[in-house]
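K.L.:
TrEMBL feature annotations, pasted as is:
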TRANSMEM  16-49  transmembrane segment
TRANSMEM  70-89  transmembrane segment
TRANSMEM  109-130  transmembrane segment
TRANSMEM  167-189  transmembrane segment
TRANSMEM  201-224  transmembrane segment
TRANSMEM  244-266  transmembrane segment
TRANSMEM  290-310  transmembrane segment
TRANSMEM  368-384  transmembrane segment
TRANSMEM  390-411  transmembrane segment
TRANSMEM  432-450  transmembrane segment
TRANSMEM  462-482  transmembrane segment
TRANSMEM  494-514  transmembrane segment
Amino acid sequence: MAAVSFSQLLNGERAVVTLFIVIVLFSLPLSLFLYGVALSLLAIFALFVEVRVETSTSLSQFKTRAGASSGILLGAVTLPTFMLSKLIQQSRAFSLHHVHLGELNYMALQYWAAFGSCFTVIMVLCLFTFDNTRSHSCRAWNAKFGLVCFLIGAELLFLYSTTGVHAIWKLLWVFFHGFAAVKLVQHLLNVFPSCVSFGEALLITVGLVLYFGDMLAYTIVKLYGYMTSSELVFMQYGFRRSEIGIIIQGLLLGLLLYAVVLKYLLRGWDGFSSSTYCGARICIEKGKSAIFFASLGFLIFVIIPSWIHFVQDFDMHPLLWVVRFVFMQPVKRLSLCLYWVCVIYLSVLRFYNISKNSKTERILLRKYYHLMAVLMFLPAVILQPKFLDLAFGAALAVFLTLEIIRVWRIWPLGQLVHEFMNAFTDHRDSDLLIVSHFSLLLGCALPIWMSSGYNDRPLAPFAGILSLGIGDTMASMVGHKYGVLRWSKTGKKTIEGTAAGIASVLAACSVLFPHLASTGYFLTEHWISLLLAVTVSGLLEAYTAQLDNAFIPLVFYSLLCL
């Protein structure tokens, strides 16, 4: 392999990611030293593999999104660093006796599961790089470096697993996450070619594995509790979760699994209908539609509620619990729903007409939806945060259902949904998979979901709304209209846009100060961390070629939690 210059080794995106990691490591308490060593190892290993991948054609068999860098470093460290920031916050709470040991252990297990998943995927990518390297010396160097990283990573996992009880279960649990992440990354890149970069695929798959594994662990604990009265399998999962969290988790995971099962149901119907009669195509499509809606209704009203009820021990049907929760404060919550419907109807109707009849660039049209997110979510975070948690889950479930309808062209809505969604896509979307609306909604929802329970950083729930709805929007609009000085020769992001994005987020924070001060939070002690968080996330938006809706809120939230 040709020599790599320092400027190639540490480009803008990698420099920002390095700064992000250094800030988090600098904030680590001594009790989490082992976790910091693991994150440092992962970052070094991911950087090594990213440089190898981008300076060779060793992974050309995977069709990633055109025009994007691999993003391996950013994708590998984002979720583990996010979990480590939450663990730092939980450690502060534990020292003040605000959370008990089970919650702290749970977050520690989530961190190591994220680390193990990302580390395993990077190890597999490393194997690909030296298997396809022509130079014998390069293959030997790759093999040695990969072996050293593997041994250190395995030793760190062993040291973690030997603390506390159930060492073998912890190792197996981390191994399960790593194996599942590798298989899911391969599946995503094969089924949806040219839709995501490596970094985006890594973030999506590790996030899904963590989310599914979390619900699976609670199910195992429940089953184990019925089978024996001895100690729980995972002490980390021995505490009760919120009802809203379990409902959202069960609903979203049920729909994701349903998307896999539906493929076989519809293929079976196509084979049956084509082998028995040659009727009109519309009859076949109506049959597929009937199968889809019947199975979807059975899933939502029977299977998913039964699973949720089993895990959480609801005193009523989970859907009835949702209705009761909404009508606990009917005026406020129904009024908020009516407000959302009005904002969505007026905004979507207006923006759709503009997209059809105007020459306005699509990137600016998409930013209008970021502003719409601010109008919808900001009042709800302040006035009805728990209800907003539930609403985010319902919205994501609707998005998943519509995407299933669009992908499979379910009659009579499939083509209509496809044409509507296609009006707002850009180069990061494709006909196979449209992810921008998911990333925007999840970018706003995750900081709010992760802030439920103990939270000593009241700005943290606003991380997604501030970074995407305000910062990213202002950066794009100002940069597009007034930007002259570009951050790089090949990129489109401008210094003027980035400065506008950072300034707008700081201005929005100053507007939120009176509300936050009423919660007893003294912001004067955290101005430096706030400025660092806003600046780093703003620079990441300027330099990254990845789907910024997915990464920026997580980075911003992680820094706010320190």
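Positions of Cβ are set from backbone N, Cα and C atoms, glycine also.
Just so you know, TrEMBL annotations are computer predictions that nobody has curated.
Since the structure is predicted, the reported quantities are computational estimates derived from the model, not experimental observations.
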K.L.:
If you count Cβ pairs under 8 Å, which stretch among 109-130, 201-224, 390-411, 432-450 touches the transmembrane segment (244-266) the most?
P.N.:
390-411
K.L.:
Can you say which of 167-189, 201-224, 368-384, 390-411 has the most Cβ pairs under 8 Å with the transmembrane segment (462-482)?
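P.N.:
Highest pair count goes to 368-384.
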K.L.:
Count the Cβ pairs between the transmembrane segment (16-49) and the transmembrane segment (390-411) that lie under 8 angstroms and are 6 or more residues apart in sequence, then report whether there are at least 3.
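P.N.:
The transmembrane segment (390-411) and the transmembrane segment (16-49): touching, no.
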K.L.:
Could you give the residue numbers and ranges of same-chain residues that sit at least 6 residues beyond the transmembrane segment (368-384) on either side and whose C-beta is under 8 angstroms from one of its C-beta atoms?
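P.N.:
Here the qualifying positions are 329, 332-333, 336, 339-340, 343-344, 347, 351, 391, 424, 437, 440-441, 444, 448, 461-462, 465, 468-470, 472-473, 515.
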K.L.:
Do any residues of this chain, six or more beyond the ends of the transmembrane segment (290-310), have a C-beta under 8 angstroms from a C-beta of it, and if so which?
P.N.:
219, 222, 246-247, 250-251, 254-255, 258, 261-262, 265-266, 269, 317-319, 401, 404-405, 408, 410
